[in-house]
Amino acid sequence: MTSILTPRQAEELHKAIIAYLSANNLSSSATALRTELGLAEDVFDAATAKKYEGLIEKKWTSVVRLQKKIMDLESRNNALQSELDNATPLSLAKRNTDPTAWLPAPRPRYSLESHQNTINCIAFHPVYSSIASGSDDCTIKIWDWELGELERTIKSHTRPVLDVDFGGPRGGILLASCSSDLTIKLWDPSDDYKNIRTLPGHDHSVSAIRFMPSGASGAAMSGNLLVSASRDMTLKIWDVSTGFCLKTIRGHTAWIRDVYPSLDGRYLLSTGDDSTVRLWDLSVTNPENRLTMIGHDHYIECCALAPPSSYPFLSRLAGLKKPPAATSTAEFMASGSRDKTIKLWDARGTLLKTLIGHDNWVRALVFHPGGRYLLSVSDDKTLRCWDLEQDGKCVKTIGDVHERFVTCLRWAPGVVMDAPAEADGQSNGTPRKKTEAAPAVRIRCVIATGSVDMKLRIFAN
């Protein structure tokens with residue numbers, strides 16, 4: 001048999017084997033091999049054996065790591081090949097110019113570092129190029145995502161910051177944060193992020209917050225209401241102008257991990273450790289649990305309501321002849337779970353599709369503003385893009401988005417353009433009729449991710 005090793009390599013291998021046998025108390029085998037190879041005690045003494053000790057194990061583990069890396073690269077190559085196979089020159093050109101078809105590139109524009117612990121949450125300012133991140137280091141950091149620079153660090157919470165969100169009345173945008181210290185805090189970006197109010201009331205960690213939208217146009221507008229979700233199993237609705245809790249909603253039987261309001265502020269979608277997704281109707285005096293969706297096999301980490309732009313694609317999954325009216329809300333929704341799956345639901349609580357592909361907990365998801373795609377991130381360190389037009393097929397996987405678990409994902413809200421004037425209305429601030437068209441919203445092709453690796457990454461066109 002012809003050896004593929006050089007004489008020098010063969011000698012090194014023999015010495016490593018003898019050292020391995022000696023270190024594992026197989027002295028007779030080591031002596032027999034030394035004798036057969038002609039390695040006398042003066043040639044292969046104790047010092048030499050010590051030098052080669054552990055070499056076999058190191059080589060073995062290196063091979064295992066290389067095999068895993070090869071498998072990961074093959075998987076990524078297959079995903080890229082699949083994406084290429086599904087693309088045409090026209091679709092590729094369109095993706096580069098049409099914001100409704102934009103998907104993030106594999107490499108981020110910026111990788112921002114300053115936090116000293118896990119980043120749990122991120123939120124974009126609805127107008128400016130600011131983004132906030134909250135961390136287990138108990139701080140909130142404000143960054144300029146266009147320049148990739150840290151603007152300021154906010155220190156006030158005494159426990160990990162679990163969620164952040166921008167919103168509030170037009171002309172009075174606020175930043176809200178919530179924490180394991182049981183409080184919600186409001187910050188004024190126009191006054192150097194001064195803490196203007198602290199909202200106590202929850203009896204356990206406050207895990208999620210969102211400003212309640214005030215219109216169904218899809219614009220980045222919200223009013224004075226804020227909703228929070230907590231480990232105390234309640235949802236609370238707050239008036240940020242007074243700091244009062246207006247409603248407490250009960251129904252979940254375990255930790256509520258996420259909450260998502262509809263564009264018109266009429267509905268809330270919530271989910272958590274009771275493995276249910278619940279839709280609440282806020283249009284009545286006492287909020288009603290309109291739907292309870294059951295299907296996941298583990299805790300549910302995240303949920304989202306689909307924008308009207310997704311209705312044409314999701315209605316086909318639902319078997320509808322035509323999509324619901326764009327003015328309706330809460331027609332379709334998605335949930336991501338520790339069972340590694342994403343589920344799509346309709347307004348009747350029917351499970352439309354289970355998206356399988358992640359290899360670990362699904363931590364966050366967001367619908368593409370263009371409507372065709374759903375994006376998700378996971379503890380498997382990937383970002384996946386699911387094409388709703390192709391029956392929810394995963395058409396793009398970005399591997400190693402972070403070095404460790406990916407914890408959060410947000411899409412920059414669209415920029416509200418000037419509202420169109422109509423024959424019976426004006427665009428100078430005078431009252432308009434209710435039939436007026438909604439203002440146009442320009443999609444910003446910017447997303448951000450945060451991770452246990454303490455890095456905030458910006459993906460932009």
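Cβ from N, Cα, C; glycine included.
What you are looking at is a predicted structure, and each value in this text was computed from that prediction instead of being measured.
Among the features that Swiss-Prot reports, domain 'LisH' is placed at 9-41. Counting residues 6+ beyond its ends, the domain 'LisH' (9-41) has Cβ neighbours under 8 Å at 3, 48-57, 59 in the same chain.
The coiled coil annotation in Swiss-Prot covers 61-88.
The annotation repeat 'WD 1' is assigned in Swiss-Prot to 114-155. Helix, strand and coil residue tallies for the repeat 'WD 1' (114-155), in that order: 0 helix, 25 strand, 17 coil [DSSP].
Remote same-chain residues near the repeat 'WD 2' (157-197) are listed as 117-118, 120-127, 130, 132-140, 142, 203-212, 221-224, 226, 228, 238, 240-241, 243 (criterion: CB distance under 8 Å, separation of at least six residues from the stretch ends). According to Swiss-Prot, the repeat 'WD 2' annotation covers 157-197.
Marked as repeat 'WD 3' by Swiss-Prot: 201-248. Per-class residue totals from DSSP over the repeat 'WD 3' (201-248), listed helix then strand then coil: 0 helix, 28 strand, 20 coil.
Residues 204, 207-218, 223, 225, 227-231, 233-235, 237, 296-305, 307-308, 329-330, 333, 335, 337, 343, 345, 347, 349 of the same chain, all 6+ positions outside the repeat 'WD 4' (251-290), place their C-beta atoms under 8 angstroms from a C-beta of that stretch. Marked as repeat 'WD 4' by Swiss-Prot: 251-290.
When the repeat 'WD 5' (295-355) is classified with DSSP, helix, strand and coil residues number 10 helix, 23 strand, 28 coil. The feature repeat 'WD 5' is assigned by Swiss-Prot to 295-355.
Counting residues per DSSP class in helix, strand and coil order gives 3 helix, 21 strand, 16 coil for the repeat 'WD 6' (357-396). Annotated repeat 'WD 6' per Swiss-Prot: 357-396, in sequence order.
Per Swiss-Prot, repeat 'WD 7' is recorded for 401-444.
What Swiss-Prot lists as repeat 'WD 8' is 446-461. Broken down with DSSP, the repeat 'WD 8' (446-461) shows 0 helix, 12 strand, 4 coil.
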Residues in the repeat 'WD 4' (251-290) grouped by DSSP into helix, strand and remaining coil: 0 helix, 21 strand, 19 coil
Counting only residues at least 6 beyond its ends, the same-chain positions whose CB falls under 8 A of a CB in the repeat 'WD 6' (357-396) are 79, 82-83, 86, 98-104, 218, 301-302, 304, 306-314, 316-317, 334, 336-338, 340-342, 344, 402-411, 414, 441, 443, 447, 449
Can you give the mean pLDDT for the coiled coil (61-88), rounded to a whole number? 73
